[in-house]
Amino acid sequence: MKKKHIQIPLLLAALLLICPLLVEQSYGAGKEIVRKKDYQKLCYTCHKDLKDSWQGKQVHAPVGLGNCVGCHNPHASNNSKLVAAPRSRYCFNCHGEDPSEFESEYSHLPVKEGQCLSCHQPHASANPSLLSVGKKDLCYTCHQDEKKEFAQEHVHAPVEKAECLQCHSAHSSPRHNLLRKSSSQLCVQCHDGTNSSFNNAHAGYPVGKAGCADCHDPHASAEKALTRKVAHVPMVKKLCSYCHREPDSSKPFSLVKSEDSLCRSCHSDMWQEFAKPIAHPPVAEGKCSVCHSPHASDQRFLMKENKQLLCAGCHQGFLEKLQRKVVHEPVVKGQCELCHEPHAASVASMLKTDVIELCKRCHGAQHSISHPFGKDVIDPRDGSVLDCVSCHDPHSSNEEYLVHYPAARELCIQCHKAL
């Protein structure tokens with residue numbers, strides 16, 4: 001019995017000495033415990049369907065190199081598909097060597113949101129640059145409104161051929177609308193303006209140095225020359241020299257007289273309206289071209305932008321107001337002129353009439369107004385007349401009924417302190 005008791009501790013001691021040697025021999029320090037040394041084959045053990053789907057296609061470099069772990073963590077991840085880093089970051093690990101490509105002033109929305117897979121396939125594609133679909137359909141996946149707009153009789157060749165990237169950057173640009181160059185620089189790449197028909201069409205003016213998009217739609221138009229929907233009469237009749245100096249002069253695009261005088265010479269009927277006591281700053285400064293294009297536009301009255309964007313160009317914070325929970329319907333529709341005069345007015349804030357009468361035009365028939373208001377009711381906070389905007393924001397609010405303060409009581413105690 002005693003001999004057996006002695007043998008057991010000796011066996012245990014031997015095992016303790018041998019086991020580390022066995023472990024070191026099998027899985028020596030620094031060695032990876034994998035079934036196969038070819039990582040790609042190891043992944044394909046389960047993901048054979050992926051391998052088959054990539055046949056005959058252009059493959060992403062890590063796929064071609066068999067480096068699945070270049071993008072995926074083989075064990076666990078906080079991101080879907082076991083991606084090693086958030087999608088907004090992992091593409092830039094390899095593709096971020098040129099910051100100007102992705103970090104210019106204007107970024108394409110998918111780039112800004114890190115959604116590279118909105119346009120590209122991560123593994124393989126039958127299309128160049130690993131695009132998800134052919135270039136003819138890719139841009140229209142999001143830009144459906146533009147696709148409808150382009151369905152006109154005359155279509156610009158790059159649009160017809162779906163060569164959007166001939167003019168636009170896919171990722172980012174220092175220029176508005178993601179343009180690769182200024183609009184005039186882009187145009188002269190194809191339209192160099194040296195032939196006689198080009199010169200005749202522009203009354204001999206060297207328009208290659210001007211902004212082509214002022215008169216022409218770069219995508220499509222109902223007009224043969226891709227001119228915009230609304231054209232200024234002098235432009236249609238090629239009376240360029242009515243406003244500009246002669247084409248062979250040293251400064252052919254200079255005006256023959258002040259902008260204010262030129263506009264007044266045809267639109268003299270408007271100056272009676274402009275004589276009201278409160279003038280819109282562009283009117284007061286004689287700068288009609290702040291809002292109106294002197295040549296052509298896709299908007300009524302030759303406005304440079306749709307009304308909402310046009311007003312937002314100067315009235316800082318306007319677009320932010322659109323993000324609030326409750327937005328007044330005219331604001332949503334960009335109908336600023338329902339309440340405001342565009343040129344000059346007799347009422348503060350360029351309103352068409354006083355606040356109460358203005359609001360009652362739409363709301364008088366919809367709501368009974370029980371709170372006292374009007375010239376005999378004074379706002380105790382500042383001594384002004386109590387009117388609709390004393391309680392309501394005329395543009396937008398985060399509160400129901402466009403009120404300035406949350407909850408009825410907080411609104412009321414602004415004046416009724418004793419409550």
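The backbone N, Cα and C atoms fix where each Cβ goes, and this holds for glycine too.
Here's what TrEMBL has on this protein:
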type: DOMAIN; residues: 60-98; note: domain 'Doubled CXXCH motif'
type: DOMAIN; residues: 108-147; note: domain 'Doubled CXXCH motif'
type: DOMAIN; residues: 156-194; note: domain 'Doubled CXXCH motif'
type: DOMAIN; residues: 206-228; note: domain 'Doubled CXXCH motif'
type: DOMAIN; residues: 232-270; note: domain 'Doubled CXXCH motif'
type: DOMAIN; residues: 280-316; note: domain 'Doubled CXXCH motif'
type: DOMAIN; residues: 328-366; note: domain 'Doubled CXXCH motif'
type: DOMAIN; residues: 387-418; note: domain 'Doubled CXXCH motif'
Whether the domain 'Doubled CXXCH motif' (280-316) meets the domain 'Doubled CXXCH motif' (206-228): three or more C-beta pairs under 8 angstroms: yes
The domain 'Doubled CXXCH motif' (206-228) and the domain 'Doubled CXXCH motif' (328-366) contact flag, 3+ Cβ pairs under 8 angstroms: no
Intrachain residues whose Cβ lies under 8 Å of the domain 'Doubled CXXCH motif' (60-98), provided they are six or more past its termini: 38-41, 43, 54, 113-117, 121-124, 130
Number of helical, extended and coil residues in the domain 'Doubled CXXCH motif' (108-147), per DSSP: 21 helix, 4 strand, 15 coil
Reported mean pLDDT - the domain 'Doubled CXXCH motif' (108-147): 91
Three-state composition of the domain 'Doubled CXXCH motif' (60-98), taking helix and strand from DSSP: 18 helix, 2 strand, 19 coil
